[in-house]
Structure formats: structure tokens, C-alpha cells
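In what follows, a structure is listed as C-alpha cells, so that the remarks can point back to it.
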Amino acid sequence: MAKVTIIGATGNVGSFAAHTISEIPHVTDMLLMGRPGREEFLEGCCRDMADSFAARGTQMRLAHSTRVADVEGSDVIICTSGMPRQVGQDRNDLAFENAKMVAETAEIVGERAPDALLFMVTNPVDVMTAVALKYSGLEPRQVFGLGTHLDSMRLKALIAEYFKVHVSEVHTRIIGEHGESMVPLWSATTIGGIQICNLPTFSGLPHREMMDTVRSSGQFIIKNKGATVYGPGEAIATLVRTILGDENRILTVSSYIRSEVNGIGDVCIGVPARINRKGVFPVPIKLADREVTGFAASVEKIRTITADVTEKLEQCR
Ligand SMILES: NC(=O)c1ccc[n+]([C@@H]2O[C@H](COP(=O)([O-])OP(=O)(O)OC[C@H]3O[C@@H](n4cnc5c(N)ncnc54)[C@H](O)[C@@H]3O)[C@@H](O)[C@H]2O)c1
Ligand SMILES: O=C(O)C[C@H](O)C(=O)O
């Protein structure tokens, strides 16, 4: 039995995520939240969703609101509100504008729903996770972001296609920034449980091209259809299912690390974490030398942007 709130439910990602989450059996209540002035649109969303529930036989209480204070009683709060990037923009270009909204929202969430898990989707997601953690006052296990889970899914699909195997046979991870400096962990990539470097065909794998495709996927989709929706929506639902099912799966999300990755820490960034009903728990790992160099650079980049945004936020408060 759980209540899930989606802040930004009138947007592209929020509205599709609401629909995918409505298929999770643990969810008994869903609150769709939008900005003041969007009441009619939210009513329309609820009515439309109720029609789909009727077709599927889903039984769920559905409500809408434009007051963030109504998050009270939520088990999971997903923040998808904020500006998306336009063609040619980097996700980090959105940092300060979205941080203002995230800080304000997170403060209210911290006051009204101190036991909830706060799940950030808004970009740049690693920086927004840090801002949400700071301003909500919640514990690090309670605040996390979609991180490199979506990038890991994208890479997994490309590897499965290359080796002509089902995606469930592929385990792989991308860590670091959900952005240009992301780092693939080839050392942690397996197919059918066999390390990828022990497969003779590995030498022909177009690593660089695959990572170029993953890095540019968001931009490609935005250019062609305006927004990325289905991938993020399904990725969000996977995380919510993992939490509410208390599944203890290890997924790669943006989380506050102290020193879990080769002693590197004090940043919110994409890392493997065990996820259950209590929240998100980064798994201590030791990376190969080449991977550490890439990860350290990614951490440095995110730490610098986070510090800059936080300083600017403090100045305008
Ligand atoms: N982390 C990821 O993997 C991932 C994936 C997809 C999208 N995103 C991010 O999610 C966010 C939403 O993307 P979208 O395509 O749904 O955008 P969208 O424009 O369709 O929706 C944005 C929503 O946020 C609301 N909003 C915008 N500015 C706001 C503000 N200042 N205060 C309150 N609400 C505000 C809008 O009313 C709307 O409901 C973007 O930041 C986007 O980059 C992240
Ligand atoms: O690329 C974007 O801006 C949206 C999202 O982060 C994505 O990777 O799909």
C-alpha cells in the first residue's frame, strides 16, 4: 500500500511516468501535481487516466493538486518538473533555473513528508539531487536521482543487439554524470554471466560508437520528437517498483556518496546502489585504473557545477 506523488505531472515525462507507475500493484494512491493555473489540465489528466484504469481494471485512488504541501503522506515523491533542454543545449545549461524550483520544492517536501523518498528526474539530475538533498534536509538514503540508470539501459540494449541476445542476458553499468563525462564499466559487463572480455567477439565490439550513441541519445530524441518520454518513463517505473517491492536490486542511480567508489566521495552522482523500501544505499566498489580516472573527472565536474549553483542559490535567497 503506497502513495506516489508526481510533481510535474502535466509535463511529457511526468505524465507518461504516471501511467507506467499506475501499473505497479503496490501503488494504491497517486497524486498528480502541477503548477498553479494548471488545474483544468490536471483534471483532464485524471479523467484520461481513469479511462485507462477502467480498460485495465486498475483500482487506485487518483487525485491532483497544485500545492506542493499536499505531498504529505506520500511514500515516494518524484520530481519531473522543470525546464527540459532544447536542441544544442547541454543539460548543465539548465542548472541554475531548475535549481531555484527544486530548492523551493525540496524545502516543502522536507517539512511535509519527512519520511518520504524524494526521487529527482529534473536535469541536470546529479546537481538537482544534491540541491534536493541540501534543501529538503532529508537523509542521503531518502534522496536520489535517475542518474545513469537510463544511460545503462541504453547501453544494455545496444550490447544485446550486437550479440543478438535478450536484454535480460546483459548486465552493464555506466557510472558518473548523466551527461558527457559518464563512464562505462566494461569490467562489470557480462553476457549470460560471462565477462564480456572473455568472449572472443569482444575485440570487435564498437565500444566508442556505442558510447557515442548513448551520450547523444537524449539530444537525438529531442531533435527528432521534442522530448525523451518512453525510456525515462519506464526507467522511473522500474525504480519505483524496486522501492515499493523492497526488492534490494542494485541499479545505477544518482546518490550521495561519502567515499564508496575508490575512496572518492562527497558528491551526488551515478553509482551502483542497493535499493529497497528504506531508500538508496551506494555499494562500495573498487574500479579498474582507467575507470577511476574517468570517474574522478566526472565527479570533479559535477562537484564544481553543484558548488557554483549552490553558491548562487544562497546569494539570491
Ligand atoms: N534524468 C533523466 O534521465 C531525464 C529524462 C527526461 C527528462 N528529464 C528532465 O525532466 C524535466 C522535465 O522534462 P519534460 O520533457 O517532461 O518537460 P516538460 O516541459 O514537458 O514538462 C515540465 C513540467 O515542469 C513544469 N515546470 C516547468 N518549470 C517549472 C517551475 N519553474 N516550477 C514548477 N514547475 C515547472 C511544467 O509546468 C511541466 O509540467 C526536464 O528537466 C528534463 O530535462 C530528465
Ligand atoms: O537528454 C535529455 O535532456 C533528457 C534526458 O536526460 C535523457 O537522457 O533522455
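Every residue, even glycine, has its Cβ placed from backbone N, Cα and C.
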Among N92, N98, which residue does TrEMBL annotate as binding NAD(+) together with G8, A9, T10, G11, N12, V13, G14, V121, T122, N123?
N98
With an 8 Å cut-off on Cβ-Cβ distance and a minimum sequence separation of at least 6, pull the same-chain contacts of N123 (NAD(+) binding site), or say none.
G82, P84, R85, R91, L94, N98, H178
For ligand 2, pick out the binding-site residues G8, T10, N12, G14, V121, N123 that have a CB under 6 angstroms away from one of its atoms.
N123
Max Cα distance spanning R85, R91, N123, R154 (substrate binders), Å?
19
Sequence-distant neighbours of T10 (NAD(+) binding site) in its chain (C-beta under 8 A, six or more apart):
L32, G34, R35, R38, F41, L42, C45
